[in-house]
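Notes for the one structure printed next.
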Amino acid sequence: MENVFNIPQLSGNLRKELLQSAAEQFGTPLYVYDLERIEARFNALKQAFAGRKALVCYALKANSNLSVIKKLASLESGADCVSLGEIKRAVMAGIPKYKIIYSGVGKQDFEIKEAISLGILFINVESKEEMLRVEACARELGISARISIRVNPDIDPQTHPYISTGLKENKFGVSIEEAKGMYLHAHNAEFLEPIGIHFHIGSQLTKLKPIAESAQKIAQLTQSLLALKIDIKFFDIGGGIGITYSDESTISPYDYAQAILAELRGLDVTIVCEPGRFIVGNSGVFLTKVLYQKENQGKRFVIVDGAMNDLIRPSLYAAYHQILALKNMESKGEAEVAGPICESGDYLGKNIVLPHCERGDILAVLSAGAYGFSMASNYNTRPRCAEVVVENGKIRLVRKRESFEDLIALEKEYL
Ligand code: LLP
């Protein structure tokens, strides 16, 4: 398929003409997802573990649009969920309950009970206290809860500190020592069934070594648990594989799988992985329209209709997203692409090389399929934008643009 921009972040269906017509048909700001690219990314990862017992559980938090999840369900994906809401989305989109896992540091009783009642694959517990809550909920229900314990291997994942989760100073998981005690407790508990072990050291990982080192530590722990007759069946390696936003090289699914498998020699476990960004990140584009162009004492600003409430990654992490003008590619130098929100931090890109922009021109913000819409808000009473998918060359609406009425629906009766 043609890739007009000839850059790795865009491929498949996301052609310039198609994006332009999506913007014209559905308005801006707008998210566009390429379902065929999502399929290819999912299959690449699944394929890397072929011949092994493995389950890819897509991390819904990256992009939880029901149509995206439905596509992944049709490819036999499982789901990694971090709230009851996400579990409900997964079920609604057709992910079988026995392929759903539930992670997160702050699960509440009502969520735990619902997860146990639904019969999901397992709950990833993150602390001793949480495990005791899971046990209490399971006893109340009279149903044994399948659990896995999230172990914090204390390894530097070499990523942005906000998305680094596997160091001892991070709030996630428990130490190897504590995990041992927890497994012994769970093993002897009437309503707990410890069937898995879990680690996740961070997101947007571009280096394999920290992942392999973590897998090695956790595999050793698994060996010692098996020696105690604690029957660990699932080895959950978390998510985190990075993508190319600019020109960074990333981890190939094959190398990833090989590195994990090398550490698992001799262990008869099902590998579970929880990729989010890897599957959807480069499969999505955020489209926004130029409203104004201005110069402030020598600095060029292109003011667009998309803002930090639509795509917060640049504001929150100073994350870089490549931005391209769809009509005219001739460079006129650098500009800050900024939104209409009343904060200096409201920008989609700084030092972005762009052509001269005219009112109405469409800009494509690349690699926006992960943590884009799923982190959107209504800040400044801005309705969240619409989402469309492209499949078989056709563009289809999968979430309507919110209206002002939607925004005030839960307030107006109190006026
Ligand atoms: N599993 C667990 C336990 C996680 O905490 C996460 C992400 C994933 C899987 C999926 O990670 P991925 O494969 O997408 O890297 N909002 C940030 C990313 C936060 C990631 C949080 N946890 C961003 O926009 O970069």
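Using N, Cα and C of the backbone, Cβ positions are placed for all residues, glycine too.
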Among Y254, Y256, Y292, Y371, which residue does TrEMBL annotate as binding substrate at the site that also has R277, R313, Y317, E343? Y371
Suppose a student reads TrEMBL and sees E274, P275, G276, R277, Y371 listed for pyridoxal 5'-phosphate. Which of G240, G333, G339 should they find annotated at that same site? G240
Residues other than G240, E274, P275, G276, R277, Y371 within 8 Å, Cβ to Cβ centroid, of the pyridoxal 5'-phosphate site? A59, K61, A62, S203, G239, I241, F278, I279, G281, A370
Using a 6 Å cut-off on Cβ distance, which of the recorded positions E274, P275, G276, C342, Y371 come close to any atom of ligand 1? E274, P275, G276, Y371
Let me know how many other Cβ atoms fall within 10 Å of the Cβ of E343 (substrate binding site). 13
I'd like to know which of the binding-site residues Y317, Y371 has the most other Cβ atoms within 10 Å of its Cβ. Y371
What whole-number Å value do you get for the CA-CA distance of Y371 (pyridoxal 5'-phosphate binding site) and K61 (N6-(pyridoxal phosphate)lysine)? 7
